[in-house]
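Right, one structure below, let's go through it.
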Amino acid sequence: MALDKLDLYVIITLVVAIAAYFAKNQFLDQQQDTGFLNTDSGDGNSRDILQALKKNNKNTLLLFGSQTGTAEDYANKLSRELHSRFGLKTMVADFADYDFENFGDITEDILVFFIVATYGEGEPTDNADEFHTWLTEEADTLSTLKYTVFGLGNSTYEFFNAIGRKFDRLLGEKGGDRFAEYGEGDDGTGTLDEDFLAWKDNVFDSLKNDLNFEEKELKYEPNVKLTERDDLSGNDPDVSLGEPNVKYIKSEGVDLTKGPFDHTHPFLARIVKTKELFTSEDRHCVHVEFDISESNLKYTTGDHLAIWPSNSDENIKQFAKCFGLEDKLDTVIELKALDSTYSIPFPNPITYGAVIRHHLEISGPVSRQFFLSIAGFAPDEETKKSFTRIGGDKQEFASKVTRRKFNIADALLFASNNRPWSDVPFEFLIENVQHLTPRYYSISSSSLSEKQTINVTAVVEAEEEADGRPVTGVVTNLLKNIEIEQNKTGETPMVHYDLNGPRGKFSKFRLPVHVRRSNFKLPKNSTTPVILIGPGTGVAPLRGFVRERVQQVKNGVNVGKTVLFYGCRNSEQDFLYKQEWSEYASVLGENFEMFNAFSRQDPTKKVYVQDKILENSALVDELLSSGAIIYVCGDASRMARDVQAAIAKIVAKSRDIHEDKAAELVKSWKVQNRYQEDVW
């Protein structure tokens with residue numbers, strides 16, 4: 001039957017109306033399409049961030065800049081919650097994995113989260129450096145960008161959250177539309193997790209109130225599928241037992257002595273010497289020398305050594321008990337990503353035990369965020385209610401969990417009266433427990449005098465709580481285990497480690513390491529005077545500096561004055577490298593002076609490095625007038641600030657200016673590299 005014009009008009013009108021209706025619902029119905037339209041996918045450059053979003057049908061991008069893994073962990077957890085609560089199609093991305101030349105072409109239907117840490121003296125993390133350069137120097141208009149930023153920083157540092165604030169400012173200046181308030185966390189006050197949770201709540205409010213998203217009940221949806229492989233065992237050559245990466249599993253024909261070595265691929269360095277530096281019975285500090293002669297790994301004086309950790313036997317046993325895995329540690333599992341943008345964070349197939357020992361951060365303090373996320377898997381309703389209550393109240397969480405220094409297993413077993421949490425999927429743990437990341441140590445040797453070895457100096461973090469639980473640092477206790485075994489001291493360590501490693505690859509005292517470059521460097525002109533300030537293990541890189549100048553003198557090079565201010569508790573118990581300093585003085589002569597502050601030597605008077613600086617203000621002022629560069633290493637929370645205040649006081653007096661003006665002058669020296677810090 002033929003259609004007349006009126007019928008045709010009505011049909012066309014209905015089609016348009018229906019299309020508009022579904023288009024509107026597609027935009028607003030988060031359960032079906034998460035609130036944003038998606039463009040067609042297409043093939044192209046794998047480093048093209050926009051192509052990746054289109055190809056994988058994503059409408060929410062979370063970019064992280066992370067040095068220690070915390071920002072990455074936050075990004076992953078937020079991604080899962082955005083998907084579960086609001087149906088957003090999320091993609092977590094490492095800045096370093098993509099190019100951003102066409103980032104200005106991003107469309108308004110994409111939400112972008114920047115979760116970025118500040119590293120060092122207001123610098124971006126290594127993986128965010130190229131994006132930072134692009135945003136600062138090359139980016140044009142970003143008028144179609146919808147974004148928000150969370151910065152991770154430490155208020156004890158001079159440039160607190162500089163990168164988060166800079167990103168937020170530049171993105172706005174270039175036309176971006178911030179859909180949720182900027183947020184920042186402060187590790188210096190110990191409130192990083194709480195700050196993130198507060199910001200996350202604000203983001204969710206913005207999504208609901210400003211962007212009209214409907215919030216759903218939070219439900220765990222795994223990104224990975226886990227299969228237990230009964231047909232495989234740890235003896236199969238393709239099964240990971242905790243090797244750093246695939247190259248170390250399938251190492252036949254692969255030269256593992258050639259770099260580049262970085263956070264994705266370490267060198268297995270042999271520890272050739274260890275030494276206990278303290279004489280105290282209850283405190284320990286180890287000197288460790290890594291042999292790099294078998295590789296092309298290089299360093300320069302002042303760099304950092306990254307040591308790849310593993311967990312202690314005791315913490316592994318407790319974690320396995322908590323989740324009912326005691327009899328499954330040798331069982332092989334295979335993981336497959338259910339989302340095309342999710343990357344399995346370690347080689348697999350792999351055993352449960354290898355994941356727990358080498359890849360999960362099980363020894364550190366449990367966060368309130370994790371508490372809330374795991375409550376639904378509690379072994380009984382009473383524990384679930386208790387967990388939800390404690391996790392929902394930051395004061396109660398602080399008093400009942402944080403102050404007791406509970407790790408994950410400690411907290412869960414305490415709350416459940418030692419009933420195992422057997423209903424927690426292992427996939428959940430892989431996705432929600434932060435992954436083990438390298439620990440960084442200031443190198444205490446000189447690349448001029450120790451070309452083939454790298455020295456580190458580490459105080460062993462170990463204490464026993466009132467209930468008898470050991471609270472231990474991961475790497476420092478591993479190093480202490482090696483020192484005890486290598487020197488056959490007969491001591492009993494607080495916790496124990498597998499020193500042989502996967503398939504015996506760590507035997508004969510080897511550990512995976514890589515070098516991270518640092519800007520904490522001696523002046524290129526060797527005659528420039530230097531003022532070195534480093535109490536405790538803060539003296540580590542300064543020892544390297546002094547050794548460098550000693551070697552320069554031996555090589556016939558003229559050097560400037562070196563003045564070292566060192567501090568410790570007691571001259572007889574924890575004076576680091578006590579015998580060495582006189583040897584250095586004999587070589588450097590009048591170009592070396594050392595002043596020691598002992599905070600607990602005299603019970604009636606505590607003396608700190610800043611006191612010694614003020615006592616020798618005339619010398620300090622003379623050196624500053626001669627163009628001396630100041631180097632400070634150690635505790636950022638108090639020491640670094642007190643030292644800076646002491647220097648400002650000396651400057652104010654010598655130049656007859658107000659201390660506030662002197663403080664600003666000293667602060668400006670940091671920008672000029674006349675005042676350098678390596679603090680934590």
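From the backbone N, Cα and C atoms, a Cβ is placed for every residue, glycine too.
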Site-mate of ARG439, TYR440, TYR441, SER442, THR457, ALA458, VAL459, GLY473, VAL474, VAL475, THR476 for FAD in Swiss-Prot, selected among TRP199, TRP669, TRP680: TRP680
Helix-strand-coil residue split for the domain 'Flavodoxin-like' (60-204), DSSP-based: 64 helix, 37 strand, 44 coil
Local confidence of the domain 'Flavodoxin-like' (60-204) - pLDDT mean: 95
